[in-house]
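Asker: Below is the structure I would like to discuss, written out as C-alpha coordinates.
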Amino acid sequence: MSIKVAPSILSADYVNLQRDVELVEKAGAEYVHIDVMDGMFVPSISYGAAWVKALKPVTNMVLDVHLMVVNPERYINEFADAGSDIIGVHYEATPHIHRALQMIKAKGVKAEVVINPGTAVELIKPVLHMVDQVLIMTVNPGFGGQKFLPESIDKIKQLAAIKAEMGLDFDIEIDGGVNGDTVKAAYDAGATVAVAGSYVYDKVDPAAKIAAMKELTK
Ligand code: DX5
Ligand code: ZN
(Lines of atoms letter the chains of each structure in order from A and count residues from 1; the text may use other names and numbers.)
(Lines give C-alpha, C1' and ligand atoms only; values in the text may rest on other atoms or scores of the structure.)
(Ligands and ions follow the chains in the order given, each with its own letter.)
Protein backbone atom coordinates (compact mmCIF):
# COMPACT_ATOMS: atom_id res chain seq x y z
CA MET A 1 0.00 0.00 0.00
CA SER A 2 1.26 3.47 -0.89
CA ILE A 3 2.15 5.87 1.89
CA LYS A 4 -0.76 7.91 3.26
CA VAL A 5 -0.29 11.58 2.46
CA ALA A 6 -0.92 14.38 4.96
CA PRO A 7 -0.55 17.82 3.36
CA SER A 8 0.31 20.45 5.97
CA ILE A 9 -1.82 23.57 5.71
CA LEU A 10 1.09 25.52 7.23
CA SER A 11 2.14 26.05 3.61
CA ALA A 12 -1.38 26.60 2.22
CA ASP A 13 -2.91 29.92 1.21
CA TYR A 14 -4.75 30.96 4.38
CA VAL A 15 -7.24 33.23 2.64
CA ASN A 16 -8.14 30.35 0.33
CA LEU A 17 -7.90 27.59 2.90
CA GLN A 18 -11.07 25.74 1.89
CA ARG A 19 -9.94 25.70 -1.75
CA ASP A 20 -6.49 24.40 -0.79
CA VAL A 21 -7.94 21.69 1.44
CA GLU A 22 -10.47 20.54 -1.16
CA LEU A 23 -7.76 20.41 -3.77
CA VAL A 24 -5.61 17.93 -1.83
CA GLU A 25 -8.61 15.85 -0.83
CA LYS A 26 -9.60 15.47 -4.49
CA ALA A 27 -6.00 14.49 -5.26
CA GLY A 28 -6.21 11.55 -2.84
CA ALA A 29 -4.66 12.86 0.37
CA GLU A 30 -5.95 10.89 3.35
CA TYR A 31 -5.07 13.34 6.14
CA VAL A 32 -4.86 17.07 6.52
CA HIS A 33 -2.05 18.04 8.91
CA ILE A 34 -2.67 20.98 11.23
CA ASP A 35 0.45 22.46 12.88
CA VAL A 36 -0.33 24.23 16.13
CA MET A 37 2.55 26.39 17.39
CA ASP A 38 2.51 28.32 20.65
CA GLY A 39 5.54 30.61 20.35
CA MET A 40 7.13 28.78 23.31
CA PHE A 41 7.77 25.16 22.37
CA VAL A 42 8.70 26.51 18.94
CA PRO A 43 9.38 30.16 18.01
CA SER A 44 6.37 30.74 15.75
CA ILE A 45 2.70 31.16 16.56
CA SER A 46 0.38 29.57 14.02
CA TYR A 47 -3.29 28.83 14.72
CA GLY A 48 -5.52 27.15 17.27
CA ALA A 49 -8.58 24.98 17.80
CA ALA A 50 -10.86 27.42 15.93
CA TRP A 51 -9.13 26.33 12.71
CA VAL A 52 -9.87 22.68 13.41
CA LYS A 53 -13.50 23.57 14.05
CA ALA A 54 -13.67 25.57 10.82
CA LEU A 55 -12.15 22.76 8.74
CA LYS A 56 -14.26 19.95 10.20
CA PRO A 57 -17.39 20.54 8.08
CA VAL A 58 -15.55 21.16 4.81
CA THR A 59 -13.52 17.95 4.57
CA ASN A 60 -13.75 14.20 5.09
CA MET A 61 -9.99 13.86 5.49
CA VAL A 62 -8.56 12.80 8.84
CA LEU A 63 -7.83 15.95 10.86
CA ASP A 64 -4.28 15.27 12.05
CA VAL A 65 -3.41 17.81 14.73
CA HIS A 66 0.25 18.30 15.67
CA LEU A 67 0.50 20.22 18.93
CA MET A 68 3.85 22.03 19.18
CA VAL A 69 2.77 23.43 22.51
CA VAL A 70 4.28 23.42 26.01
CA ASN A 71 2.18 21.35 28.44
CA PRO A 72 -0.32 20.24 25.79
CA GLU A 73 -2.60 18.80 28.50
CA ARG A 74 -3.98 22.34 28.79
CA TYR A 75 -5.46 22.18 25.29
CA ILE A 76 -6.32 18.53 24.61
CA ASN A 77 -10.01 18.77 25.48
CA GLU A 78 -10.44 21.93 23.42
CA PHE A 79 -8.84 20.36 20.34
CA ALA A 80 -10.82 17.15 20.81
CA ASP A 81 -14.11 19.08 21.07
CA ALA A 82 -13.19 21.06 17.94
CA GLY A 83 -13.25 17.83 15.91
CA SER A 84 -9.65 16.54 15.81
CA ASP A 85 -9.37 12.94 14.66
CA ILE A 86 -5.77 12.50 15.81
CA ILE A 87 -3.99 14.61 18.41
CA GLY A 88 -0.19 14.48 18.60
CA VAL A 89 1.72 15.59 21.69
CA HIS A 90 5.49 15.98 21.93
CA TYR A 91 7.40 13.77 24.35
CA GLU A 92 9.57 16.83 25.06
CA ALA A 93 6.69 19.19 25.83
CA THR A 94 5.45 17.68 29.09
CA PRO A 95 6.75 15.75 32.08
CA HIS A 96 3.48 13.78 31.85
CA ILE A 97 3.39 12.27 28.39
CA HIS A 98 1.50 9.22 29.66
CA ARG A 99 -1.21 11.38 31.20
CA ALA A 100 -1.46 13.52 28.06
CA LEU A 101 -2.01 10.41 25.92
CA GLN A 102 -4.58 9.10 28.43
CA MET A 103 -6.46 12.39 28.15
CA ILE A 104 -6.57 12.16 24.35
CA LYS A 105 -7.88 8.60 24.48
CA ALA A 106 -10.45 9.50 27.12
CA LYS A 107 -11.96 11.92 24.58
CA GLY A 108 -12.25 9.11 22.01
CA VAL A 109 -9.61 10.70 19.78
CA LYS A 110 -6.65 8.85 18.26
CA ALA A 111 -3.49 9.45 20.27
CA GLU A 112 -0.08 10.24 18.86
CA VAL A 113 3.30 10.72 20.53
CA VAL A 114 5.81 12.92 18.69
CA ILE A 115 9.60 12.93 19.06
CA ASN A 116 12.08 15.59 17.98
CA PRO A 117 15.25 14.74 16.04
CA GLY A 118 17.28 14.89 19.28
CA THR A 119 15.06 12.44 21.16
CA ALA A 120 15.85 8.72 21.17
CA VAL A 121 13.20 6.25 20.03
CA GLU A 122 13.74 4.07 23.14
CA LEU A 123 12.34 6.82 25.36
CA ILE A 124 8.80 6.37 24.07
CA LYS A 125 8.72 2.57 24.50
CA PRO A 126 6.67 2.79 27.72
CA VAL A 127 3.80 4.57 25.92
CA LEU A 128 3.79 2.75 22.58
CA HIS A 129 0.99 0.40 23.67
CA MET A 130 -1.26 3.46 24.09
CA VAL A 131 -0.82 5.15 20.73
CA ASP A 132 -2.44 4.97 17.32
CA GLN A 133 0.39 6.85 15.65
CA VAL A 134 3.98 7.89 16.33
CA LEU A 135 5.37 10.98 14.63
CA ILE A 136 9.10 11.02 14.05
CA MET A 137 10.11 14.60 13.30
CA THR A 138 12.45 14.60 10.33
CA VAL A 139 13.40 18.26 10.91
CA ASN A 140 13.52 20.35 14.07
CA PRO A 141 9.94 21.57 14.49
CA GLY A 142 8.82 25.14 14.02
CA PHE A 143 9.07 25.98 10.35
CA GLY A 144 8.09 24.64 6.97
CA GLY A 145 10.57 24.33 4.13
CA GLN A 146 13.54 22.79 6.01
CA LYS A 147 15.77 19.97 4.80
CA PHE A 148 15.01 16.34 5.70
CA LEU A 149 17.53 15.07 8.28
CA PRO A 150 19.05 11.87 6.82
CA GLU A 151 19.70 10.39 10.28
CA SER A 152 15.91 10.09 10.63
CA ILE A 153 15.94 6.98 8.47
CA ASP A 154 17.65 4.94 11.20
CA LYS A 155 15.12 6.14 13.76
CA ILE A 156 12.24 5.06 11.53
CA LYS A 157 13.86 1.63 11.11
CA GLN A 158 14.39 1.33 14.86
CA LEU A 159 10.78 2.21 15.57
CA ALA A 160 9.52 -0.21 12.91
CA ALA A 161 11.60 -2.98 14.52
CA ILE A 162 10.25 -2.19 18.00
CA LYS A 163 6.71 -2.11 16.59
CA ALA A 164 7.15 -5.60 15.10
CA GLU A 165 8.85 -6.93 18.23
CA MET A 166 6.04 -5.64 20.47
CA GLY A 167 3.34 -6.81 18.05
CA LEU A 168 1.76 -3.35 17.80
CA ASP A 169 0.20 -1.75 14.76
CA PHE A 170 0.40 2.04 15.13
CA ASP A 171 1.08 4.24 12.12
CA ILE A 172 4.54 5.76 11.73
CA GLU A 173 4.33 9.34 10.48
CA ILE A 174 7.19 11.53 9.27
CA ASP A 175 7.14 15.32 9.19
CA GLY A 176 9.61 17.81 7.74
CA GLY A 177 11.45 18.00 4.45
CA VAL A 178 9.37 15.25 2.89
CA ASN A 179 9.32 15.43 -0.91
CA GLY A 180 9.85 13.35 -4.04
CA ASP A 181 13.50 12.82 -3.12
CA THR A 182 13.05 11.77 0.50
CA VAL A 183 9.72 9.93 0.73
CA LYS A 184 10.83 6.58 -0.70
CA ALA A 185 13.67 5.91 1.74
CA ALA A 186 11.40 6.80 4.66
CA TYR A 187 8.65 4.53 3.31
CA ASP A 188 11.10 1.68 2.81
CA ALA A 189 12.29 2.19 6.40
CA GLY A 190 8.72 1.76 7.70
CA ALA A 191 6.91 5.12 7.51
CA THR A 192 3.20 4.76 6.77
CA VAL A 193 2.08 8.43 6.76
CA ALA A 194 3.96 11.35 5.21
CA VAL A 195 3.34 14.97 6.12
CA ALA A 196 4.32 17.39 3.37
CA GLY A 197 3.88 21.16 3.46
CA SER A 198 6.08 23.13 1.11
CA TYR A 199 6.49 20.26 -1.36
CA VAL A 200 2.73 20.04 -1.87
CA TYR A 201 1.74 23.68 -1.64
CA ASP A 202 4.67 25.94 -2.52
CA LYS A 203 4.82 25.56 -6.27
CA VAL A 204 2.35 24.60 -8.95
CA ASP A 205 0.12 21.55 -8.98
CA PRO A 206 -0.34 20.09 -5.49
CA ALA A 207 -2.26 17.16 -7.03
CA ALA A 208 0.80 16.11 -9.03
CA LYS A 209 2.96 16.16 -5.89
CA ILE A 210 0.53 13.88 -4.09
CA ALA A 211 0.41 11.55 -7.10
CA ALA A 212 4.21 11.49 -7.17
CA MET A 213 4.43 10.52 -3.49
CA LYS A 214 1.91 7.72 -4.05
CA GLU A 215 3.72 6.51 -7.16
CA LEU A 216 7.13 6.48 -5.45
CA THR A 217 5.79 4.33 -2.59
CA LYS A 218 3.82 1.69 -4.48
C1 DX5 B 1 7.27 21.78 11.09
C2 DX5 B 1 5.87 21.28 10.95
C3 DX5 B 1 5.60 20.65 9.65
C4 DX5 B 1 5.75 21.54 8.45
C5 DX5 B 1 6.42 20.70 7.40
O6 DX5 B 1 7.49 22.15 12.39
O7 DX5 B 1 5.60 20.32 11.96
O8 DX5 B 1 4.38 19.95 9.62
O9 DX5 B 1 4.53 22.02 7.94
O10 DX5 B 1 6.80 21.52 6.36
P11 DX5 B 1 7.68 20.99 5.14
O12 DX5 B 1 6.97 19.81 4.55
O13 DX5 B 1 7.76 22.17 4.24
O14 DX5 B 1 9.02 20.59 5.70
ZN1 ZN C 1 3.75 19.06 11.73
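Every residue gets a Cβ built from N, Cα and C, even glycine.
As annotated by TrEMBL, active site, proton acceptor applies to D35. Taken from TrEMBL, the feature active site, proton donor covers D175. Marked as substrate binding site by TrEMBL: S8, H66, G142, F143, G144, G145, D175, G176, G177, G197, S198. Feature annotation from TrEMBL assigns divalent metal cation binding site to H33, D35, H66, D175.
A description of the local structural setting of each listed feature is requested, covering burial, neighbours and distances.
Answerer: In the three-state DSSP scheme, D35 (active site, proton acceptor) falls into the strand class.
Look at D175 (active site, proton donor): DSSP puts it in a strand.
Residue density at H66 (divalent metal cation binding site): 27 other Cβ atoms are found within 10 A of its Cβ, drawing on all protein chains shown.
Listed in sequence order, the residues of the same chain lying 6 or more apart from D175 (active site, proton donor) and placing their CB within less than 8 Å of its CB are S8, H33, H66, L135, I136, M137, T138, V139, P141, V195.
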Asker: As a test of the contact definition, list every same-chain residue at least 6 positions from G142 (substrate binding site) whose Cβ is closer than 8 Å to its Cβ.
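Answerer: G142 (substrate binding site) has long-range Cβ partners M37, V42, P43, S44, M68.
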